[in-house]
Amino acid sequence: MSATDGTGSDEPAKVSKREGKKPKAPAKPSKAGRNLPAAIAVGVVLLGALLSGLLFFPFAIVAIATVFAAVGVWEVSRALEVRGMKVPLVPVLVGTVALPFAAYFGGSEALAFALVASVVALVLWRTIDTAEDAVRSILAGIFVLLWVPFLLSFALLLLGEPGGQVRVAVLLLLVVSNDTFGYIVGAVFGKHPMAPKISPKKSWEGFAGSAGGATVVGIVAALYFLDQPWWFGLVLAVATVAAATAGDFSESMIKRELGVKDMSNLLPGHGGIMDRLDSIVFAAPVVFMLSVLLVPGA
């Protein structure tokens with residue numbers, strides 16, 4: 001923004017010594033639309049905390065995932081209220097706590113049971129509370145349950161598998177490399193939007209950066225951390241990039257439909273918790289299924 005005199009005179013404004021310094025222009029956001037230093041700092045802290053938990057206290061990841069899911073549920077519920085969809089927070093939050101713990105301690109069968117029980121409790125709660133707009137409210141609650149805690153619980157299923165700590169670490173590294181390389185390449189070279197009506201800043205160049213970076217990370221992880229052939233890392237990387245991109249676009253569509261830029265402003269440079277979880281919640285089920293199918297009992 002250029003500075004103006006504001007006096008209406010055609011003559012150059014006289015500037016006193018005390019006022020001689022022009023005010024600094026506000027820092028411009030990066031081409032990809034983020035506060036880059038804040039985004040990097042928050043990202044490093046989050047990744048470091050998660051990897052440290054995996055290495056030294058795996059159960060902490062269950063607690064962290066549950067807290068993240070609960071905050072994500074709160075963010076999405078608040079955003080849905082913009083369109084008059086009121087989520088019954090009490091039963092949804094109870095389900096949000098139950099699903100990750102069921103996944104980690106009981107496996108896929110316990111996760112399925114917890115999901116069904118959560119939906120039944122949600123319907124009963126909403127019906128007893130009031131019948132007004134009940135169907136719309138129940139559907140909104142089920143949507144939030146499925147999108148946030150249920151999908152995220154696949155990361156806890158993965159953690160409960162043999163070698164689960166390493167597998168979840170690889171999942172996180174793949175998603176982070178997808179986001180990081182996509183962001184950097186897109187910010188520098190991005191010219192061709194993938195879906196301009198949904199997410200104008202997502203470019204094909206950035207997608208290529210995501211694919212390239214995640215592929216390198218996936219192959220290295222397969223060879224040196226998972227003790228698997230290189231092609232397993234390639235398959236894992238390609239599937240993760242596709243799932244993470246779908247998750248990113250899905251959240252962008254929801255935010256555009258609701259008319260919000262970010263789900264919240266809890267994380268400087270990132271937006272809300274769901275603005276960070278959008279890729280992980282779609283990638284976790286894919287990585288879990290590929291790991292179980294291609295490396296059973298590893």
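Even glycines carry a Cβ here, placed using N, Cα and C.
Taken from TrEMBL, the feature region 'Disordered' applies to 1-32.
Look at TrEMBL and you will find 32-50 (among others) tagged as transmembrane segment.
The transmembrane segment annotation in TrEMBL covers 88-105 (among others).
Same-chain neighbours of the transmembrane segment (111-128): 88, 90-92, 94-95, 98-99, 102-103, 134, 137-138, 141-142, 145-146, 150, 153, 157, counting only residues six or more beyond its ends whose CB sits under 8 Å from a CB of the stretch. What TrEMBL lists as transmembrane segment is 111-128 (among others).
The transmembrane segment annotation in TrEMBL covers 140-160 (among others). With a threshold of 8 Å between CB atoms, the same-chain residues lying at least 6 positions outside the transmembrane segment (140-160) that come near it are 58, 61-62, 65-66, 68-69, 72-73, 76-77, 80, 85-88, 91-92, 95-96, 99-105, 107-108, 111, 115, 118-119, 122, 126, 167-168, 171, 274, 277, 280-282, 284-285, 287-288, 291.
Under 8 Å from some Cβ of the transmembrane segment (166-185) lie the Cβ atoms of residues 32, 34, 43, 47, 50-51, 54, 61, 155, 158-159, 205-210, 212-214, 216-218, 221, 225-226, 236-237, 240-241, 244-245, 279-280, 283-284, 287, 291, all in the same chain and six or more residues away from its ends. Positions annotated as transmembrane segment by TrEMBL: 166-185 (among others).
If one looks beyond the transmembrane segment (206-224) by at least 6 residues along the same chain, the residues whose Cβ comes under 8 Å of a Cβ in the stretch are 32, 170, 173-174, 177-187, 189-190, 194, 230, 232-234, 236-238, 240-241, 244-245. According to TrEMBL, the feature transmembrane segment maps to 206-224 (among others).
Long-range contacts of the transmembrane segment (230-249) within the same chain: residues 170-171, 174-175, 178-179, 195, 198-199, 202, 207, 210-211, 214-215, 217-223, 278-283, 285-287, 290, 294-295, each at least 6 residues beyond the stretch ends and with a Cβ under 8 Å from a Cβ of the stretch. The transmembrane segment annotation in TrEMBL covers 230-249 (among others).
Taken from TrEMBL, the feature transmembrane segment covers 280-297 (among others). Note on the transmembrane segment (280-297): residues 147-148, 151-152, 154-155, 157-158, 161-162, 167, 170-172, 174-175, 226, 228, 232, 235-236, 239-240, 242-244, 246-247, 250 of its chain, located 6 or more positions outside it, place their CB under 8 angstroms from a CB of the stretch.
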